[in-house]
Amino acid sequence: MVMFSLNCLHPTMELAMISTEGWFTRTFGSTGIGLTSTEVLEIVFAAFFVSLTVSVLIVLTERWHGRYSFDKDVNGIQKVHKNPVPRTGGLAVAIGIFSASMLVLFAEPGDPTRVDAYGVFKLLVAGAPALFAGLVEDMTKCVSVKARLLATFCSALLAAWLLGANLPRLDIWGMDAMLEFLPLSLAVTAFAVAGVTNSVNIIDGFNGVAGGAIVVILSGMAFLAWHVGDTFVMQLALAGVGAALGFLALNYPTGRIFMGDGGAYLLGFWAAEIAVLTIVRNPGVTAWQVMAIYAYPVIEVVFSMYRRKIVRKAEVGAPDRLHMHSLFYRRVACQKISRNVSYPWMRNAAVACFVSTWIVVATFVALSFGDTVPAAIALVLIQALLYMAYYTRLIRGHWGRCLNPAVIFGWRPEPKGRPI
């Protein structure tokens, strides 16, 4: 039993944990990695409860810090909210994860949760540059895209130093041998971590989209870690799930608090490093299976870079309203869901349902069938094809020639249609 226990929380929280423990045990049985279901749930509930508490405090005290924390730019090109909202949810997420790290750190000697007791804390320290850059941007709106990208590179290199989190393989013929050269391995790892980190920031455009995506992805990674017996990675994933859920309680569906760049960068970095550590620590897990779980945000960022730089001849970091979630909001949610004065957030909330459903299905299929390299590669390619086909459908307004590569990749000029 851990010294810091959820028994000190409200009795209803303890009862909820006991009830959930019974369901967890009936559904999955013993974890098989030295953790009881109670110890698993303590990590989630600790991060959740603290993250939720801090989120509530941020909302209740917004009158005092709103001049710094509000997202006041309601007329921005990517904005859909009508009123200023605090965008410092990253602070709640960080403190929630920190609480989970303390839970692990102060476990009694010999307790199964005390696997690499400082590991969770080390990863949080490594994520500090990305978190700090994001929070400063949230408060000042003065941090450049390049500076934030550099901060994510620094966080990736810190994680490699503190935890040995540098990719030893990508399961790509010829590339794996090259990764034995440490400088190249570090460069590839930093690039991959920065890419995943920024992908979470890119999909953070509507209530619950980024938070929901992270919860599903990290839940899938926790299950994968449980399956291969990796207690440490499972703890990392559960801490992220709990912290994200605590934030989501106020973010979805009504948007009382936003994740902001700080939260997006921290959770994106957390998810990226969990992927790296899973590959590093578990030779039996193919990198492509992990990629199949992370495919949606990764495809989004890669396709956005291509679309902006190659098709539209614009700056890669320039904001626009042409992301998949933005198009779904205007072309589907706003057309299929009637405006409701009593529930003005319904259209906004529908976007998270779409994105989360996609990732839930992808994660389930990846965990069920993606344990071999050919199968996992096929799953990634299928997701990429589906993404580009549906994206083209949303752009054009119909399914005609949506599978034509010339149309998908913008090689053929797009005829004038409905405004997007």
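Any Cβ shown, glycine's included, is placed from N, Cα and C.
Features as listed in TrEMBL:
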type	residues	note
TRANSMEM	40-60	transmembrane segment
TRANSMEM	88-107	transmembrane segment
TRANSMEM	119-136	transmembrane segment
TRANSMEM	148-165	transmembrane segment
TRANSMEM	177-196	transmembrane segment
BINDING	ASN201, ASP261	Mg(2+) binding site
TRANSMEM	208-226	transmembrane segment
TRANSMEM	232-250	transmembrane segment
TRANSMEM	262-280	transmembrane segment
TRANSMEM	286-306	transmembrane segment
TRANSMEM	345-367	transmembrane segment
TRANSMEM	373-391	transmembrane segment
Feature contact check the transmembrane segment (177-196) with the transmembrane segment (40-60), CB under 8 Å, 3 or more pairs: no
Interface check, the transmembrane segment (232-250) with the transmembrane segment (88-107), three or more C-beta pairs under 8 A: yes
Protein Cβ atoms within 10 Å of ASN201 (Mg(2+) binding site), excluding its own: 25
Chain-internal residues, separated by at least six, CB under 8 A from ASP261 (Mg(2+) binding site): ARG87, GLY90, ALA133, GLY134, LEU135, GLU137, ASP138, VAL143, ARG148, ASN201
Stretch of maximal Cβ-Cβ contact with the transmembrane segment (286-306) [cut-off: under 8 Å; candidates 88-107, 148-165, 177-196]: 177-196
Top partner of the transmembrane segment (208-226) among 119-136, 177-196, 262-280, 345-367 - counted as Cβ pairs under 8 Å: 345-367
Beyond the flanks of the transmembrane segment (177-196) by 6 or more, those residues with Cβ under 8 Å of it: 149, 152-153, 155-157, 159-160, 165-170, 268-269, 271-273, 275-276, 294, 297-298, 301-302
Three-state secondary structure, ASP261 (Mg(2+) binding site) (per DSSP): helix
